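**Student:** The structure is given below, and queries will be raised subsequently.
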Amino acid sequence: MRPSRIQFRYWVQSVTEFISMTISFRLTIHLPQRSCTSLLNLKRTKPIITVTALGQPVCSRVGDSAISKIFPRIFVPIQLALSGDADITSDFIVPDGVTPNADFFTFKGLKQALRGAPKDAPFKVTKASQAEFPALMGQSVSYAVLQFAPGGINPPHTHPRSAELLLVVQGWLQVGLVVSLLHVDSNNTLFTQVLRTGAMFVFPKGLVHFQANKDPRYPAVALSAFGSANAGTVSLPKTLFGSGIDEDVLAKSFKTDAETIDKLVSAATMG
């Protein structure tokens, strides 16, 4: 049984409101040119509703099985929704006991990190997040400078609260991104790219990625921008092998022996 015009209008409005509250989707209604653009004619003109997720259409013409076609594709991305910075009700936030002035809105802690290799480490991160720069609290922005010695790597990791926009400012880097969302036909697809000075790469929020300086002679430096004052970092090696998960569980999960897992755990514990 086809829905009435009023029921259909209510259904479209409910779906639109539900999507807008949960994840960034767009609902578009396409009407044939011969029809009136009023929703009152939706039943006669057989409209096509397109739900766009992450820039890709994920549903087709509305018919008797419209709900069964659209909703299974909507609910999976919604389950992948991640956290972000909360909106604030003031222009900025000042910690207790602090009087804001020009110095409060100034940060100079990245100056020494913008050139050259890190000292005494193959890789170093220098952050300008709300912990180091309190004026960023509530502003949903932050920076980090990544310094790589020759052969240095930033191991696979994720940022649960923000995408990362990386700009190479010295040398070159190989970067990798693992994608397993619906807009890619296959699961766990690795995208890699070589970035020279001046090139940028975006790592979407919550996806596993890494950077590596494959140059055997020269350092590399990159500047990362985040859409969060505290993007968070989840390092896969430390999370898996340095968090105390039973070694037998890890050995069976990775289909290897206990001795190999013991070495990995020791390395992750040492940092």
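Backbone N, Cα and C define each Cβ position, glycine as well.
The following feature annotations were taken from TrEMBL:
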type	residues	note
DOMAIN	115-262	domain 'Cupin type-1'
BINDING	ASN154, HIS159, GLU164	oxalate binding site
BINDING	HIS157, HIS159, GLU164, HIS209	Mn(2+) binding site
**Student:** Looking only at the domain 'Cupin type-1' (115-262), what is the model's average confidence as pLDDT?
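**Tutor:** A mean pLDDT of 94 is what the predicted model shows over the domain 'Cupin type-1' (115-262).
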**Student:** Once HIS157, HIS159, GLU164, HIS209 are set aside, which residues in the chain still have Cβ within 8 Å of the Cβ centroid of the Mn(2+) site?
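**Tutor:** Going along the sequence, the neighbours come out as THR158, PHE203, LEU207, VAL208, ALA231, THR233.
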**Student:** Which residues in the same chain, at least 6 apart in sequence, have a Cβ under 8 Å from the Cβ of HIS157 (Mn(2+) binding site)?
**Tutor:** VAL208, HIS209, PHE210, THR233, VAL234, SER235, LEU236
**Student:** Including all protein chains shown, what's the count of other C-beta atoms within 10 A of the C-beta of ASN154 (oxalate binding site)?
**Tutor:** 24
**Student:** When a 10 Å sphere is centred on the Cβ of HIS209 (Mn(2+) binding site), how many other Cβ atoms does it contain?
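**Tutor:** Around HIS209 (Mn(2+) binding site), other Cβ atoms within 10 Å: 22.
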**Student:** In the same chain, which residues outside the set ASN154, HIS159, GLU164 have their CB within 8 A of the centroid of the CB atoms that define the oxalate site?
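**Tutor:** Nearby residues not in the site list: ALA144, HIS157, THR158, LEU166, PHE203, HIS209, GLN211, SER224, ALA231, THR233.
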**Student:** Could you give me three numbers for the domain 'Cupin type-1' (115-262), the DSSP helix, strand and coil residue counts?
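**Tutor:** So the domain 'Cupin type-1' (115-262) is made up of 21 helix, 57 strand, 70 coil.
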**Student:** Cβ-Cβ under 8 Å from HIS159 (oxalate binding site), same chain, 6 or more residues apart: which ones?
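**Tutor:** In sequence order, the residues whose Cβ lies under 8 Å from that of HIS159 (oxalate binding site) (at least 6 apart) are PHE203, LYS205, GLY206, PHE226, SER228, ALA231, GLY232, THR233, VAL234.
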